[in-house]
Amino acid sequence: GMSVPQSCFGYPLSIFFIVVNEFCERFSYYGMRALLILYFRLFIGWNDNLSTAIYHTFVALCYLTPILGALIADSWLGKFKTIVSLSIVYTIGQVVMAVSSINDLTDFDHNGTPNSMSVHVALSMIGLALIALGTGGIKPCVSAFGGDQFEEGQEKQRNRFFSIFYLAINAGSLLSTIITPMLRVQQCGIHSTQACYPLAFGVPAALMAVSLIVFVMGSRMYKKLKPQGNVMAKVVKCIGFAIKNRFRHRSKKFPKREHWLDWAKEKYDERLICQIKMVTRVMFLYIPLPMFWALFDQQGSRWTLQATTMNGQIGLLKIQPDQMQTVNAILIVIMVPIMDAVVYPLIAKCGLNFTSLRKMTVGMFLASMAFVAAAIVQVEIDKTLPVFPKGNEVQVKVLNIGNNSMSVSFPGTTVTLDQMSQTHEFLTFDVNKLTSINISSAGSPATPVTYNFEQGHRHTLLVWGPSHYRVVKDGLNQKPEKGENGVRFVNTFDESFNVTMDGKVYIDVTSHNASAYQFFPSGAKSFIVHSPEISPQCKNNFTSSSLEFGSAFTYVITRKEDSCPDLKIFEDISPNTINMALQIPQYFLITCGEVVFSVTGLEFSYSQAPSNMKSVLQAGWLLTVAVGNIIVLIVAGAGQFSEQWAEYVLFAGLLLAVCIIFAIMARFYTYINPAEVEAQFDMDEKKKYLGKDSLYPKLDTDVQTQM
């Protein structure tokens, strides 16, 4: 029998299960996604580009599978069974993913690295495919299933539900992006300990199982609508027939029809045609929307890279660049209730009719302004960035690690350096014009420097005597990634030594040579120099200067008079000076944009769709996200901008143009109440049906007009 819907605060009790389910599912998804790129880089060992490409492909796939989910729900299993069965697939996917990251699975010789990486790769790809099918497949069903729980006349509660639903999504993603990275850095393993991916992937898997259990627990209370037959196929066939039929009758002698879909009347009933008209009118409005997502999804990529060139010391907090994304989730959790409880009621009080489509237009405008803000910040950052060699330029600096003062002459300039000092700036030369470099010192003949300089790179010329020099290629032709700091060591001893700094080892730094750079997060680091030349009485442990963000240093280990080691620090790349707090305005703008755009879009799609096509429209909505992601890949790939701010301005301009087009399209959209339209059809059918049985058949209206 039909269970009576229980209610709580005027909401159906069943939606609490749906919201908790969504929270756990999103926690599971975003927790897994936060690790994914690091897992590809560090565990499987792919490079940045391949990792990023696979990551984006996975995300796009998660937004393409909703079409499949909507199909299954509408034509075969119904929303409830679809959510349950695909959640099972999803949970299996998460478990497979966790298993794929168990090092000891194929580490037969227990040396800490897997013996057959291909097993891990295969398992993780199977896991990701199952996850994409699961998360995508249930996406259009869960929100629409939640909407189904409301009765007629509960529009206000239903709209509030979409806001609560969106809040659950973001609370889940916020907590998981904070928690799963903490789990990853735990150490675990049977035979060899290392970063704990199985635990970090295992927690999302467990939460997915919880999500499934919670959802099934509410089963008795749900209002479950029957699947309506294969709606998608019907829609496609009907549209196809209308177009074909219109094309057949394209000569003047056939009367025009009011709407192009009316050409399907010969074969399809009026109700279906009317429903498809509703859907196509909304779908038409969707055409401009991917542009919004194209900007929105750059928070994870471009904006995070921007943060790596900034200083993360905000007051007492030290923020790492990839933590800035959580600002979006935090702001959403604050903004959604404020919008619902304060902003919208205020606008209504002012007598403004702030319709769904107007909200969405404002959302696009705000996102566009966010990119203008990002461009302004970028211009400020660019002023502070060091100049690196471009094209066929090379840069050289001289570092004197000897005991006498030295002169070095380059084409067109000569520098003189006291002992233990370096040139203030890098000198920039055209590689073809860098013909002669000579080192000289008082009372010694000049020594020419022979070295094949590599264009586009920085080099350090180490000198320690009139005829003693070495050229080192720096290997840093950009700011260190992820806001970390590069440190390299220069050895002035006669034998090679090792240095251990904050858990990283510089092995065999040879005499009068520089090590490669290694990278460290902000803060002061302690390090130890291991060398047989250091007598036991000397102290061999030091503390670095307090590292900030995005800097690079050369640490020269020298000898004092008592032949104990001493430390001299030289700056190669100055730390970032622009504060990360300057990104907050752009995050604030894009979050406000998202709240008015995304929540509204979900409820608009639901409210304008006929009952049997809710999932179709939800899938269409998610498809705009997928297309947005693809736009980013295309624009980033095609437009190789020399200036990052120019790319931001381009995106802002594109969205602004799209926003204006959308506003014009929205002007011509008339809102409908699908339930009323359906009711009208039901009435008409009833009349026809009664008409057949009655003894006095009512005269057909057409007949009356003719009389």
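Keep in mind that glycine also has a Cβ here, set from the backbone N, Cα and C atoms.
Check TrEMBL against the ranges 230-250, 587-607 and you find transmembrane segment recorded for 587-607. When each of 80-99, 327-348, 645-666 is checked for Cβ pairs under 8 Å to the transmembrane segment (587-607), 327-348 comes out on top. Counting C-beta pairs under 8 angstroms (sequence separation of 6 or more), the transmembrane segment (327-348) fails to reach the transmembrane segment (80-99), with fewer than 3 such pairs. Long-range contacts of the transmembrane segment (619-639) within its own chain (CB-CB distance under 8 A, at least 6 residues past either end) are made by residues 56, 59-60, 63-64, 66-67, 69-70, 136, 139-140, 282-283, 286, 289-294, 296-298, 301, 601-602, 605, 647, 650-651. It is 80-99 that, among the stretches 53-73, 80-99, 199-218, forms the most Cβ pairs under 8 Å with the transmembrane segment (119-138). If you look at the transmembrane segment (80-99), the same-chain residues 6 or more away from its ends with a CB under 8 A from one of its CBs are 25, 28, 32, 69, 72-73, 105, 123-124, 126-131, 133-135, 137-138, 141-142, 145, 197-198, 201-202, 204-205, 208-209, 211-212, 215-216, 219, 222, 224. Through the fold, the transmembrane segment (645-666) approaches residues 284-285, 288-289, 291-292, 294-295, 298, 302, 355, 357-358, 360-361, 364-365, 367-369, 371-372, 374-376, 378-379, 382, 635-636, 639 of its own chain, all at least 6 residues removed from its boundaries and within a Cβ separation under 8 Å.
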